[in-house]
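What TrEMBL records for 16-416 is domain 'UvrD-like helicase ATP-binding'. The ATP binding site annotation in TrEMBL covers ALA37, ASN38, ALA39, GLY40, SER41, GLY42, LYS43, THR44. For 417-718, the entry in TrEMBL reads domain 'UvrD-like helicase C-terminal'. Annotation comment: TrEMBL describes 874-898 as region 'Disordered'. Under the heading compositional bias 'Basic and acidic residues', TrEMBL lists 888-898.
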Amino acid sequence: MPAAVNTTPLLGPGGRAFTAEQSEAVRRRDGSLLLEANAGSGKTSVLVERFVRSVLEDDVRPARILAITFTERAAGELRARVRQRFVELGRRDAARETETAWVSTIHGFCTRVLRAHAIAAGLDPAFTVLDEAAARPLHDRAWEEALARLLDGEQGAAGLDLVAAYDADRLRTAITTAHDALRSAGHTRPSLPRPQGLGDPHVLRAPLQAACAAAAAELRLAGPGTTVGTARERLDRCAQLLAATPPGELAPQLSALTLTTNANALKTPACDEYRAALAAYACACRDARAAAALGLLDELLGDYADAYAEAKRARAALDFDDLELHARDLLAGAPTLRSSYAERFDRVMVDELQDSNPLQLALFRALDRDDLFLVGDEQQSIYGFRHADVDVFRRLRAQFAADGRVATLATNFRSHGAILDTINAAFAPRMGESFVALQEGRATQPATQPLVELLVTDQVGWEDVDLGAVAPGTKAWRQAEARLLAQRVRELVDSGMHRPEDVVVLLRALGDLPVYERALEDQGLLTLSVGGRGYWGRQVVRDLCAWLAALANPRDEAALYGVLASPLVGLSSDALAHVARAGGKGNAWRAIEQDAGGLRDALTGEDRERLDIFATRFGAERLLAPRLALDELLRRVVDATGYDLHVLSLAGGERRLANVHKLLRLAAAFERDRGRDVRGLADLATAELEAEARETDAPVELGDVKAVRLMSIHAAKGLEFPVVCVVDLGRQRPGDGDEDLLVAEGEVGLRLVGLDGSSEKALAYERLRDRARDRAAREEERVMYVAATRARERLVVSGGVTVDNWPQEGPKSPPLAWLGPALLGGDLRALPGDEEPLQDIEIGAGGAGWVRAALNRPATVGRVLRTESLAPAGASLPIATPPAPRPPEVEPRGRPDPVRTLSYSRLAAWKECGYRFYLQRVLELPDEQPIELAAATAPAFDPRMRGSLVHAVLEHDADPVQIVATRGIELGDEQRADVLRLAGAFADSPLAERIARARAVHREHPFTVALGDTLLTGIVDVLAHERGRAQLVVDYKTDAVDPDTDLAAYVEQRYAIQQRVYAHAALRGGAARVEVAYAFLERPREPVVARFDAGDADRLEDELLALAAGLLAGEYPVTATPHRELCETCPGRRALCSYGEEKTLRPRADLCDGPVP
């Protein structure tokens, strides 16, 4: 029973008392609760304490708790803190059992459900989950197929006109955007809504003709005048067009025929009636044309969705939307299964609810037994671009509030009170009634100076100021802003108030991150970029990918010249010009290889030496490339050229070298997934760069790195820093809501584009666009709020605008357009001027907020941006000189990494043949293809499929006929009968009756327990809790055993390891005694049962450790009994195994009792 609510203060970790609002959120566990948690309010501590007290006070087992977090990082942190809290309270048993809790992201939860019920969901049980990079080529092919079908279909001419009007790229953007939005909204196969309530041009034509005639007759009686004359001409033109043009084809022309109201004669009811009739008819014509185009777009969308779905099916793969859609459909379509999952959990906790969507909400609702704990903060909803919908949170909050089930955490324990006061003063007027003011929870000394700074850089006049080296395309004002920001960070570090590692620089977008990065480095500050999309654009990555591309095709001159100019070769610009002149178009490599046109004679001695070294190395590597792994190709050039030493000598060298090592890992993973394709990896790098893929820099251990970090605001969500600098706030926002095709809330809008380039807004376009713009503007405010609330001790806000013409708020206006005035108390006149460019300003009620504002413009140089900060002398590092060519050294491979996780399957596979285990699971070599023997006949029913279907029927505990019928797999009558026979036989067995009497039953139950210094993991078919802490573990077996087979001996021979693993897991998990039962479904009334009690726990652990000793020691012996069933698909059978094929391909039945002679 839940603990009674009381007012006694709760003590948390370290004996610290929870606040009253935190205590309430922890105690209210008797039913569902929604918690509004402000930034820095200790919500994770509340989540941890609710988890722990649910176990210790409410007798809820960790395995019956589901916690959904937004990121894997948050899931890991939550699990670790729960475990630590149990240890602190002296409950190491509960700490160990924490591993059985379901703590994951929503996608992790969906993956787990779908893997457990893959066949019921119509999926391959071995499905993979696609990341963005893996999904991108599938999207590309799907689009090409869909576009080809549009152009080759029955409406080919209309399709061609559509493509010609929009162009293929613009059309693709419209379709893919709608596809993703609709799938996130819950549409398994996206389709466009049908427009409703459209006007009929045929019906509206006659009223317009009548209104036109009436207005014309009236104006004929009006006096002369230019305005009236123009009106008469327009009315005449309208009448002519209506008489000569079929209905529905006039919308573009009619827009020029409206009447103004600039003359009294045009302000009559007749003229008003004409205007209204004209507008109605023009709208009907426009919408009719849009509806026709919408039909083509819907067909294109459907074809694209089908092609993409088929491409995923061919790879047995799902994307992230698929995980949610299939999980929802699985639970919605199987009420018994849904109920079993709902009953599986006594506590369901969801964090970051404000960033969920309706599809995810449907999953949460499916598990609801009045046991939900939903945590969120409307003010921190910032993932609209990933189709998160803050209205989900708002609606739930209203529903929960009506039942008195909303609690609030308003106290902020992160930031100094002076920062909180300023944030409240700046954001409360913007966010309105929903804003929950931040209350200080820290005991801090009053600030003696403003802790919030506003650095405004004027965008005008910097072109004539020497700002040092400026990267191509960088605006001068942004360089000036970055210089000022770097100067301020340098001041804070030099003052001793803060260390470099205390400072983070946050950007809304990362396109100009290198500008700020270089400005900081020019001030002698080490930098570290974290998160974002910049990885594929890093110079070290581009250098090495250019090397691969040139190896694949030396005539790829962009790649070849990239290599020659990079530190891999280091040719001077003059030498590059000589190479280009000698090679002409497309023959640079031939010119180098053959010394065409006396190329080497034209070079200096140093360039000649470098080119000779390159030619020798490159030619040799091209010959070796087909035989070397991709990561090995890269490693060889890095080692041979000294590229790693060069990278380390640069500013931020550790970070750059980490990116080199990450590329090696990505290359190895690419080869495992797609084969040894040098060109393919280079093309992937190019595609990822062009797509601005979310591939982050390699992580660097921050322990002793005294570096200023740079990251996106979104990457900083959930983090905190002593000093936060929010920069580049003069960057214009993209035009949110300006897409060609808008779909939302069952409505559709289309920007109708003509072959002549004309553009009209049709259907619900303007309404949907305005909504999208408003949503984007509100989210932009929340993004800035999230950035500001990361700061503990100081907040610096920086951006550039045209100061004398401050930008007005609008769809594309920069954040500083509104945030600057908000930090100035709503009055731009408070902005400092040229005479006094630094000012301290009080804002908010009673001057609660305090801001130090600085104006950075050419006229204030020397007083704001110091002269020495304009162009600091950043270290100029030489290009690393490649060493003389040398034969590649054979580096001895180290021992494989020690095994850290064991399972029955790993132990059994290693015991069968350690060498095969090594080749498959350590080296990850691909399996050999099975040999087709003439005498061999395939089984009528694949044993693995048979076993999977039977397990599924037994696990669902529902109508087996319905389950098998909804598999999506065709079974013959005999096969279906076989599955039902096995499942039915067990259902009538005494073991099934015993399971039915158990206090609690878990099916497909995962476990993780300690085994020595490693973890032992697995899944049991059935775990039944019986009286007195007794447990029953049942494992179904579909083995084809003969009636006279000794089942006990059979289990001891084949499943002894598994039996001990299950017993050990149950006893270490808290069972006083356990029975492990093997239910052979061909003989269901003869289970083989082994009994163990707590006294066996140490013995079982010793036996398992002894069995695993060789594996844990990294020993991989070859089997003593090779046979076809074991060896046929082994990667080493053909060339690496010490046995010949006369032994590795012999039937198992031919084995003698002993090892191979």
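Note that Cβ sites are derived from N, Cα and C of the backbone, with glycine treated the same way.
The shown structure was predicted, so the numbers you read here are calculated from the model rather than taken from an experiment.
Everything TrEMBL records as a feature, shown here on the structure.
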residue	record	CB count, 10 Å
ALA37	ATP binding site	27
ASN38	ATP binding site	24
ALA39	ATP binding site	24
GLY40	ATP binding site	21
SER41	ATP binding site	27
GLY42	ATP binding site	23
LYS43	ATP binding site	21
THR44	ATP binding site	17
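Reduced to three states, the DSSP call for THR44 (ATP binding site) is helix. Same-chain residues with CB within 8 A of the center of the ALA37, ASN38, ALA39, GLY40, SER41, GLY42, LYS43, THR44 CB atoms, the ATP site residues themselves not counted, are ASP377, LEU409, ASN412, PHE413. Across the domain 'UvrD-like helicase C-terminal' (417-718), the prediction's mean pLDDT works out to 85. Mapped onto three states, the DSSP output places ALA37 (ATP binding site) in strand.
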